[in-house]
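The ATP binding site annotation in Swiss-Prot covers GLY10, VAL11, GLU12, GLY13, CYS14, GLY15, LYS16, THR17, and the record cites sequence analysis as its basis.
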Amino acid sequence: MGGRFIVFEGVEGCGKTSQMQLCAEWLQNLGISVILTREPGGTELGVDLRRLLLQKAEDKPIAEVTELLLYAADRAQHVAQELKPKLAQGKYILCDRYVDSTIAYQGYGRNLDMNLIHQLNDIATGGLTSDITIWLDVDVEVGLARKRGENVGLDRIEQETIAFHRRVQQGYANLAASSPSRIIRVDGQLSKETVHKTIQEILSPHLKEWL
């Protein structure tokens with residue numbers, strides 16, 4: 001049985017982290033060995049990069065291109081140290097964010113050069129793409145309200161303007177339209193149970209082929 005790479009994507013507060021955990025529990029109950037990881041922060045080096053990237057904007061401002069390069073560095077380390085070796089061992093990996101986040105946030109959100117972003121993604125991933133990406137689609141105001149309700153303070157990205165987050169959301173919509181077989185949209189504003197069931201229904205046919 002070969003390894004599989006499933007990514008969860010979406011704007012802030014879309015519920016992807018909770019849904020990824022529920023998905024992992026479901027797969028484990030089916031007897032599948034699962035690894036949960038995230039970007040940024042999927043390695044020891046990545047933990048340090050995550051702290052730099054998400055600290056509040058007023059603490060230490062980060063230039064937009066610097067931000068892009070730090071995300072690429074995190075991804076390169078993650079792919080080399082964790083993703084490729086674990087997939088080669090036949091593991092199922094569930095990842096909270098991957099290359100589509102960079103396209104949506106730094107490409108659409110920051111309006112950085114898409115050719116540069118694709119080049120950096122190609123270098124960082126070495127061609128590794130997800131088998132399936134679950135895009136949890138929620139209205140940006142709903143997602144940010146959820147984050148504020150957590151009472152833990154907003155990080156540097158979450159503090160961005162509504163206009164920024166709307167551009168990110170449009171980026172995800174465009175990505176899903178251009179890669180419909182890889183990126184599957186799920187309505188993230190439905191109940192947690194309904195979203196989880198929908199994800200099960202999406203993945204079940206693939207599991208029959210993979211197992």
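Backbone N, Cα and C define each Cβ position, glycine as well.
Summary of the ATP site environment: with the site residues GLY10, VAL11, GLU12, GLY13, CYS14, GLY15, LYS16, THR17 set aside, the chain residues having Cβ atoms within 8 Å of the Cβ mean position are LEU136, VAL138, GLY143, ARG146, GLY188. Secondary structure at GLY10 (ATP binding site), taken from DSSP and collapsed to helix, strand or coil, is coil. Non-local contacts of LYS16 (ATP binding site) by the CB criterion (under 8 A, 6+ apart in sequence, same chain) comprise PHE8, GLU9, GLY10, ASP96, ARG97, ILE134, LEU136, GLY188. According to DSSP, GLY15 (ATP binding site) sits in a coil region rather than a helix or strand.
For CYS14 (ATP binding site), applying a Cβ distance below 8 Å and a minimum sequence separation of six or more within one chain yields LEU136, ASP137, VAL138, GLY143, GLY188.
Per-site Cβ counts within 10 Å over the binding-site residues GLY10, GLY13, GLY15 peak at GLY10.
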